[in-house]
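**Q** Here it is, the structure in full.
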Amino acid sequence: MYHRNILVEQTDPEIFAAIQAENARQEHHIELIASENYASPAVMAAQGSQLTNKYAEGYPGRRYYGGCEYVDVAEQLAIDRIKQIFGADAANVQPHCGASANEAVFLAFLKPGDTIMGMSLAEGGHLTHGMALNMSGKWFNVVSYGLNDKEEIDYDAMERKAHETRPKLIIAGASAYSLRIDFERFAKVAKAVGAIFMVDIAHYAGLVAAGVYPNPVPHADVVTSTTHKSLRGPRGGIILMKAEHEKAINSAIFPGLQGGPLMHVIAAKAVAFKEALSPEFKTYQQQVLTNARIVAETLTQRGLRIVSGRTESHLMLVDLRAKGITGKEAEAVLGSAHMTINKNAIPNDPEKPMVTSGVRIGTPAMTTRGFKDEEARVTANLIADVLDNPRDAANIEAVRAKVNALTSRFPVYR
């Protein structure tokens, strides 16, 4: 028997100390990593519930275990809500992460040696879209598309390559591309060459849900996403698909890739999806875009180059070469000033992947804590202040003091 009042601090002080330290870091630092966000207390409560104890292999109404009547309710709510958000025919909410969701699509439609087409990792794509070291690059023949001289997706070159190579699957989506993606153009190309069209909106899902970024669901055979990032849920994945693909996708997840689903996480997904259906969520996502635009414009005014010249989403890539600093060093010094970002390669980057010539900046997390136009402008100027004098300890200390004053006014959790 367990006593509910015996918590982590009594059972495992070492883990409790690490949790408390991370809580403090999140409160005191401005989070600018584009793939991170803050889940609501309601989402975290669902994820920390007793649903973690329940095995539920299968799907609602078709389980391999008894006692699933209540977790069935949770999963069906998650399915119904995510379908409503995106206007999808069918949905699977069981993937443990975005990579699992992508792998399930490959398992459903491809055989080893088939040709796939995705965006080059070096120009903004994701490692699960064909990187050589990823299973997608090892199991399949990969053809990549990239950017034109304006650092926009080269749709004409993509179309030519598709007709030349006749891929079985075409993937749209990116992890470091700031502009809107023309999903309709991709869909027409996929149809012309007889390819399955898959879209990975892991980064853009929250924006799509709020109607402030193009929705690929009407155009794609399958759409995958994570449930954290801009969607602001627990860490996990989803797959949306046309009705005719539901059986193949569901079989690819279970029993193809996974066993028992994480019912506590699925319940937390359902809570996040309900939050995403609210008017407040749309207002939030509109502010995410506004904040990103202000940050990009301010950094440009301070002498930094934004890849593609602008942002039309929640993120941007910043070329640091004019400041004589690498992405690796910028990540470290900005971290010292209590601003968390990640180093990121820019197109045709001469530096190694663990060094890079750029950083990626995103606004979902800062917006969740309440930052609006003025705070976005202040944050961008603080970033530039650090990058102007990255090796000046007094400068870093002064910026850190300003960051701490700002974060104290906007706590993540009150």
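Backbone N, Cα and C atoms are what each Cβ position is placed from, and that goes for glycine too.
These came from Swiss-Prot, pasted as-is:
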BINDING   Leu121, Gly125, His126, Leu127  (6S)-5,6,7,8-tetrahydrofolate binding site
SITE      His228  site 'Plays an important role in substrate specificity'
MOD_RES   Lys229  N6-(pyridoxal phosphate)lysine
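Distances, neighbours, how buried they are, the whole picture for these features please.
**A** Taking the Cβ of Leu121 ((6S)-5,6,7,8-tetrahydrofolate binding site) as reference, residues of its chain lying under 8 Å away and at least six apart in sequence are, in sequence order, Leu127, His129, Gly130, Met131.
On its own chain, His228 (site 'Plays an important role in substrate specificity') has Ser35, Glu36, Asn37, Ala39, Pro234, Arg235, Gly236 as residues at least 6 apart in sequence with a Cβ closer than 8 Å to its own Cβ.
Lys229 (N6-(pyridoxal phosphate)lysine) is surrounded by 28 other CB atoms, counting those within 10 A of its CB over all protein chains shown.
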**Q** Of Gly125, Leu127, which of the binding-site residues has the most Cβ neighbours inside 10 Å?
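**A** Checking each of Gly125, Leu127, the winner is Gly125.
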**Q** To the nearest whole angstrom, state the Cα distance for the pair Gly125 ((6S)-5,6,7,8-tetrahydrofolate binding site) and Lys229 (N6-(pyridoxal phosphate)lysine).
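**A** Distance (Cα to Cα, whole Å): 16 Å.
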**Q** Rounded to the nearest Å, what's the C-alpha distance separating Lys229 (N6-(pyridoxal phosphate)lysine) and His126 ((6S)-5,6,7,8-tetrahydrofolate binding site)? Just drop the number here, would you?
**A** 15
**Q** For His126 ((6S)-5,6,7,8-tetrahydrofolate binding site), just give me the three-state DSSP call.
**A** coil
